[in-house]
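S.K.: Input: one structure, supplied below.
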Amino acid sequence: MNRFTRQAVLYLLILMIVVGIFQQLNQEPEAEEDLFYNEFLNKVEAGEVDRVDITERDIEGELTDGTSFVTRDPGDPELIETLKEYEVNIKDHEVPGPPWWASLFTYIIPFVLLIAIFFFFMQQSQGGGGRMMNFGKSKAKLHEGDQKSNVKFHDVAGADEEKEELVEVVNFLKEPQKFIDLGARIPKGVLLVGPPGTGKTLLGRAVAGEAGVPFFSISGSDFVEMFVGVGASRVRDLFENAKKNSPCIVFIDEIDAVGRQRGAGLGGGHDEREQTLNQLLVEMDGFDVNEGIIVMAATNRSDILDPALQRPGRFDRQITVNAPDLKGREEILKVHARDKPLEDNVDLKVVARRTPGFTGADLENLVNEAAIYAARRNKNRIGMKELEGAIDRVIAGTEKKSRVISEFEKKIVAYHEAGHAIVGYLLPHTDPVHKVSIIPRGAAGGFTLMLPEEDRQFMTKTELLERVSTLLGGRVAEELKLKEISTGAQNDLERATTIVRQMIMEYGMSENLGPITLGQKQGQVFLGRDIARDKDYSENIAYAIDKEIRNMVDSSYQEARETLEENIDKLEKIAQALMERETLVAKEIKMLMEGKDLPPIEESEDTETLDFLVDEQQDTKSESDNEQQSQENQADNNQNDSTTEFDDEQQTNDDNRPEDDEDNEEDKNKGNNDFNLKIDYNKEDKDNKDKDK
C-alpha cells in the first residue's frame, strides 16, 4: 500500500467516525409509548392523563396508571384550554439546547477538515508527482533508463551533416576525457535553426535516445506563467536539477518564446519574459568549465533571438536544418514508408523528384495521406495511384468535383490555364509544365503545375522575367480568345508585381536604378515580424521605381502576348482538351504542342496520371538495366555510375512527371522564389493570396 492510499484510508476513517458521532448526538431517545394526537385528546377527555410536559415539538407526559407517553405537538391553539378544563397538570419550559461540546464540534470539524485537505494537497505536491503548489519548480521532463526516447539517429533521414555535429556532441558527454586531454572545451550550447517541419525537434529526440546521459526536455512556453518570478525560478530549478545529474543535456524547444530580443517595445521595457531570459543567460554562462551540461535549443525564428543568447559561450554552435534535397527526400520517404505495405511498382525516387521543397513533415504527411487514401479504397497495399492522389491533396487541396460552374466560367478557366501552360512550355528558361487542370481544388478554380528539373536556390534575371511572363499568360489568353478579362488573374497579377518589385528593390536587377537595395525593413521584435519598411529614398527614386515596375511588367506582358499570338491554334487545342478532359498531364501537353491528337478517353484522369507514373518508373528501371550493362563493358565504374545517373535524371525530366507545389517550394527554398508552381485562383481565392509568401 503506497503513501497516497494510506493517507486516503486514514482520512476516510476519520470522516466516518465524525459522521457517526453526529448521528449519535442527534438521535432522539425512544419513548415508552408513542400516541397519535387524536388518541392523546381522547385520553385527556377520559381523564386518563395525569400530567404533560410541552416542549418545542413534542408533548411528553404520564398517564394516571404511571405509563409515560409522547406525541407530536401540531400547534393546536385550543390545547391549553382543553388541558385546563380536564385539570391536567401542565409543565411548559424552555427547550434545552444541545450540550456545549456538541456545538463545539459543529464549528471545529469543518475547520479541521479544511486543514486536513490542505495538508493532503501539500503532501502530494511535495511528492514530485504533482505541481499543485510548486509554481517555481521546473516542468522539464527527465529522460533516462526506461523513459528514454525511442527515436534514434537512424530514424532521422535527410540531415546527415546535422547528425554528424550532434553525434559529436553526444561523444563529448560519453567520452569527455579525450577532448579534455587535447585542451578542448565542451560546447555549452547547440542551437538548431531552420524552417518549420525540417526536423529540429526530431533531432533533439534522437539525441535523447542516443545519449548515454540524462536528458531534460522542456518547451520555451513552460517557463513563464501567471505569477511574477515564476520563469526565473523555474530556470534556476532546471539548472539545479541538471547539475545534480551532470553530465546531461538540456533541450529547450521553441526557445524564441522566452529568448526574444530585449528592449523597449510593445511589451514595455521590462517584463516577465525579459527577467526569465536574464536568468537563462546567467545560468548558461555560469557553468564551470567541463561541467558536462550541454544546452540544446530549437527555433525557426533565430532572427528575433537576443544577441546575448546566441554568442559563443552560451550557444557555441548553430546548426541550420534546411529542407532536404532529392537524396534526402528519398531517404525520408523510406523511413516513413518502412512500416507501411507498398506495391511493387512504387518507386520512392520518383515521388522524391516530384516533391522539391517538401520538408520532412510534409513528406510524412504525404505518406500518411496515401495510406488513408488506400484504406478508403479498401486496398491492403499503397500504390503509386494513392501517392499521386496524396501529392495532389497536399499541394492543391481536395478536388471539388461537386462544385457546379457555368460553361462560360469553365471556358474562362480553360483558356486561362492553357495560356499559362503554353507560355511556360515555350519559353526556354522556365520549369517544365507537368500538369494542367480546371478541376477546382481547395480554393483554386484551376491550376498549372510546373516542376523544376533540379533543386534550385538561385534564379537569374532572365528566369525571373520569363516567370512573370508565364504568370501573365493566363490574362493574355483570356483577352485574346474571349475578348474579355476576368478577376481570375488577380493572384497572378499580384505575384508578378511582387517578383518585379523584388527584382528592382531587393535584387538590384534594374538597368535604370542599378545594383542597389531600396527600402530597409523595420523589425518589431515584440511582434516577431517585419511590419514596416523604411522609405530611405527620395520621391524621384520612388517615381523611378514605379516606372521601372510598369516597364518590366509591360515587357513581360508583351512577351506573353506575342508567344500566344504565334501559337493561337495550340492555345485553342489545349483549351478544348481541358474542356473535354479537365486534366492534362505532361505527356498529353507535349503531344498537343507537337500537333498530335490525343487518344480517346478510356479511363479516368487519375488512372491516366498513374499510367504516366508507371511508364516513367519503367523508363527509370530500363535505364538502370542499361547502366548495369554499360558497367560490365567499361573499366571505370565510378565514371559510368555518374554518367548513368545523369542520364537517368535527364530521361526522367524528359518524361515530365506530374506537378509539384510552387507554394511549398517558395516556403522551403528562399522566401522570394515563388516560381516553381503556378496555381491560379478565382475571385473566391482572395483570402489565400498570401499563401506563397
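Cβ from N, Cα, C; glycine included.
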S.K.: According to Swiss-Prot, His416, His420 bind Zn(2+); which one of Asp339, Asp344, Asp492 is annotated to that same site?
M.R.: Asp492
S.K.: Gly194 (ATP binding site) to Glu417 (active site): how many Å between their Cα atoms?
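M.R.: Distance (Cα to Cα, whole Å): 35 Å.
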S.K.: Around the ATP site formed by Gly194, Pro195, Pro196, Gly197, Thr198, Gly199, Lys200, Thr201, which additional residues qualify by having Cβ within 8 Å of the site's Cβ center?
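M.R.: Sorted by sequence, the hits are Ala298, Asn300, Val321, Thr359, Gly360, Ala361.
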S.K.: For the topological domain 'Extracellular' (29-100), what are the DSSP-based totals of helix, strand and coil residues?
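M.R.: The breakdown for the topological domain 'Extracellular' (29-100) reads 17 helix, 22 strand, 33 coil.
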S.K.: Determine, to the nearest whole angstrom, how far the Cα atom of Pro196 (ATP binding site) is from the Cα atom of Glu417 (active site).
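M.R.: Rounded to the nearest whole number, the Cα-Cα distance is 31 Å.
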S.K.: Output the one of Pro196, Gly197 that, of all these binding-site residues, has the highest number of other Cβ atoms within 10 Å of its Cβ.
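M.R.: Per the Cβ count, the most surrounded site is Gly197.
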S.K.: Tell me the Cβ contacts of Thr201 (ATP binding site) under 8 Å, same chain only and six or more apart in sequence, or just say none.
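M.R.: Non-local contacts for Thr201 (ATP binding site): Asp253, Ala298.
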